[in-house]
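Notes for the one structure printed next.
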Amino acid sequence: MADLHRQLQDYLKQGKASRPAAAEPLLGAKAAEEPEAGAWLGSRVLRWPWAQSAAEPPPAGLRCLPSVTRGQRLVAGGLCLLLAALCFGLAALYAPVLLLRARKFALLWSLGSVLAWASAALLRGGPACGRLLRGEETPSRSTLGYAAALGATLYAALVLRSTVLTALGACAQVAALLYALIGLLPWGGVTALRLALGRLNRGTGLANALPV
């Protein structure tokens, strides 16, 4: 009986000694099975900076904003252009009754101008706009002209309530936007104007040469 009791005690001691060693592989396997943060998105889906693991270094730039790709900038710029066209279209509906709805016309037109300018800023890129906002770059003439025309339009519509000045401010906004958008072209604004005027003159000369 003494030998049986001693063998039972030895068996229990061996079981207690081998229990932590057997538990460690289970914990290790469980930790290995857990995916990293952001891995559930898959390799084909965009991985945002806030879904990264703690071992990875933080991305360069602002932590509160995700990195915007070129395709996302194009989509956002196109959406801003569509909204700007919608605002311009609604403002055009108020053009026949401009004397009665001058304030709504100015607000819609100004909002369309702001959206069109935001589209141009998105297409240009965030670093360039950041340098402009920090004062590292001098604002262009089109930027200053647009800001002045926008402020004058809002002042004329909301404060002075002058129809003539509101219409002049809206025309100045359109001119500033066209000048800015032409300046964003790769070949420059002067070359684009020359090409447009050359095609216009060519079409006019051809129309004059054709018999009526």
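Glycine too: its Cβ is placed from the backbone N, Cα and C atoms.
The structure displayed is predicted, hence computed values, not measured ones.
Listed features, source Swiss-Prot:
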- 1-78: topological domain 'Cytoplasmic' (TOPO_DOM)
- 79-99: transmembrane segment (TRANSMEM)
- 100-104: topological domain 'Lumenal' (TOPO_DOM)
- 105-125: transmembrane segment (TRANSMEM)
- 126-142: topological domain 'Cytoplasmic' (TOPO_DOM)
- 143-165: transmembrane segment (TRANSMEM)
- 166-174: topological domain 'Lumenal' (TOPO_DOM)
- 175-197: transmembrane segment (TRANSMEM)
- 198-212: topological domain 'Cytoplasmic' (TOPO_DOM)
Remote residues contacting the topological domain 'Lumenal' (100-104) - C-beta distance under 8 A, at least 6 residues beyond either end: 94, 157-158, 161-163, 166
Positions whose Cβ lies under 8 angstroms from the topological domain 'Lumenal' (166-174), at least six residues beyond its ends: 91, 98, 102, 105-106, 109-110, 113, 145-146, 148-150, 152-154, 156-157
